[in-house]
Amino acid sequence: MTILQLFLVFLNILEALCDYQLPKPRINKPPAEERLKLRNGYNTTLIEFDDGVQSFNLNWTKIIEHIPHDELIELWREANVTEPLVNTLLKRSDTYRPETNVHIPGHGNSYACALPYWSYTIDQWEDNKTTGYLGNFGIPSKTVLNEFFYDFQYVYTNRQFYTEATYVLNCLIGATTPAYPTISCHITPNYLFVSVEFTKFDSLTLLFGHSHYLPPLKGHIVYNDIEGASNDVFSLVIFSTYDLFGKHVESFKFDIAKVFREIIETPPLTFIKNLQDEMFTIEIRDGCNINNIVNPKTFLFAFKAVVAHFLVIDSLRTQQHILLNCFANYMSELEFLRKLMESCFEFFEFDFPYTVIETLAASQALNVPKHVITSLSHQDKTNMLSLFRLSRHSKHVSAVAISEIIDLISHIYTAYSYTYMLTSSERKMLLDAYIVLNDIMHKNETVKKQDLLPYVLSSSMCTSLEIGNLLLHFGQKDVLDVYETFSPCYLSLRFDFTKEKLITEFPQSSLIAQKEINLGTNGFFQTLHMRHHTSLEILPIIKCIKSLSTDIILSIPLKNITYVISTKPVPNSKIYDVSEVFLKTSMIISAVNNDCKPYQGGSAAHQIPVIYNVTVPRRGCPYCSSVVLSYDESQGFQSMMYITDTYVQENLFTEHSPFFGDGNLHIHYLILMNNGTVIEVRGAYRARLVNFIIVIMVFILFLVGLYLLYKLFVYLT
């Protein structure tokens, strides 16, 4: 054996032994007597190597005092010291090396949830009780960190580096049946790695972690060869082979330095939000077929999603206490990201426990004063909604959360009645409310009538204008914004969403290409059917309308009565048939008693009376708890507005109200009263339209007159 070969042998042994981490607990620990025999058998064994440049001395006595015999054998096997040098060189030459290795000075963005100077800390909480309700206090970082890293196990790394025993979180993306490709990920306290496994033996792995605490490599590679980017704290490394690169060249088409910059330079919540947008876009645009995993877009998304979780956990190591509401925001946004991934991929599993934060969030939610949310700042509203989201599975929180969410949506709805538009921050808060209500309402066996108000208000904000704007967004944006594309329609009690219906709602313009119409219609339709989880099951009258569930267009639960808009009448209800004015479809309005008691006035359809010139009432709110509904003679139901207070009433019936500003004589308006009475509204909105038509006709006649005078002048001259 040459000196070079001896040197490589001892180098491998030293590296394996020096970097070995002792598992807890030891596995297959030999009895004390056997260990004593082994120690006596090896206590004179010394291994020395000295080539004049470096010297190595291994004392078996010291080694076996700390490493059990069977594990020592496993170390020897994994070190593979008898491997021919030719094989080692071949593996080295076949190791894939990125074209560049970029170093970016600095530490990158901080994920730390630092405590403000005015905050306080809580190290223990008895009976899960805390003070305050916005999470403005610090909690021990170690308590949260210990919950994440509870599972001590071996980390197997597809032969890139030595097996390590450490704390680890695992995730897997793949198919419900054993198949390739799959994506596996592993998060440890110091690093993470994500692998796309093409076969049992071929994989592409990205590793990200603290530069000085990366796992020990095997002898044929060094980090300088495979590192793609780094800063003063973290490194990003790629593991693969040139042989695999040749087989899956498309999967390697990404800029590793650009990915690293995106990770370290994007603010934390923005980075997580961008990942939510990216996942949503992949789901709507590209689909979530398991074969798309080999696409670099999907693989890089999965890698960045795992990095986001790692960086949030890693922030716990930098401080003794963390601010609860700050960390709760991270947890709620990461949870939503995982929910998006779960709804997309055929098989998705991510071990990410957060019971400590969940428990503290519930304790804070239970302290929330009644009707306080609308008086809070935007950031405090966000903090409260994050606490509700994390604690929504606690049955004790349900009543508090629903009460505050009703106030919040009512506040948003009143502001909406002025402009008929929603801001990005309002859509985000509606999304938070949607997440909370979705879980709570479907778990409640009995639903109170007042708890249905968010669904009525959401139905009111799901107007033709809202649908048209969303169709444009889905049709024209390359990256879909998960907040901007969230619609009140997902919380509505509308059930008439078909592709044909959506096409009629698309804004009419010669500037809109057919491709945009197709993208918009398909995207919004797909999202509606994924996100619109509102069910008739939450309605108290479900037992008397269940047989007509497929015929229902809209349900409007009011305080004293529930209106059901459908293509067939609801038995034992007060019926208004408006089908005689339709050209293509039919629509029947049924007023159903909330206790499902039969209507005593007979089964014959009632005629809808007409009133004219509805104006804003000067005093009081006579239309409160009523609904104004619009429908088209050709396309059927269009929009509705529920009148909650005098502000909404005034905005609805004002002269410039967008609700009555369609300018289409084929659109009719009905008022559905809280006592079961339905009336048709005609008046100012039609008078304005008639006046507009008269002005147009006069203008046309004026132009014709000018033209005739011009022709006469030409003829005479």
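Placed from the backbone N, Cα and C atoms, the Cβ positions cover glycine too.
As recorded in Swiss-Prot:
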CARBOHYD  Asn43  N-linked glycosylation site
CARBOHYD  Asn59  N-linked glycosylation site
CARBOHYD  Asn80  N-linked glycosylation site
CARBOHYD  Asn128  N-linked glycosylation site
CARBOHYD  Asn444  N-linked glycosylation site
CARBOHYD  Asn560  N-linked glycosylation site
CARBOHYD  Asn613  N-linked glycosylation site
CARBOHYD  Asn675  N-linked glycosylation site
REGION    177-239  region 'Interaction with gL'
SIGNAL    1-18  signal peptide
TOPO_DOM  19-693  topological domain 'Virion surface'
TRANSMEM  694-714  transmembrane segment
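The glycosylation sites shown are Asn59, Asn80, Asn560, Asn613, Asn675; of these, the one with its CA atom nearest the CA of Asn128 (N-linked glycosylation site) is Asn560. Taking the Cα atom of each, Asn59 (N-linked glycosylation site) and Asn80 (N-linked glycosylation site) are about 20 angstrom apart. Taking the Cα of Asn675 (N-linked glycosylation site) as the reference point, the closest of the glycosylation sites Asn80, Asn560, Asn613 is Asn560. The two recorded residues, Asn80 (N-linked glycosylation site) and Asn560 (N-linked glycosylation site), show a Cα separation of 79 Å. Taking Cβ-Cβ distances under 8 Å and a sequence gap of 6 or more within the same chain, the neighbours of Asn560 (N-linked glycosylation site) are Asn594, Asn674, Asn675, Gly676. With helix defined as DSSP H, G or I and strand as E or B, the region 'Interaction with gL' (177-239) counts 7 helix, 32 strand, 24 coil. Reduced to three states, the DSSP call for Asn59 (N-linked glycosylation site) is strand. A sphere of 10 angstroms centred on the C-beta of Asn128 (N-linked glycosylation site) encloses 11 other C-beta atoms.
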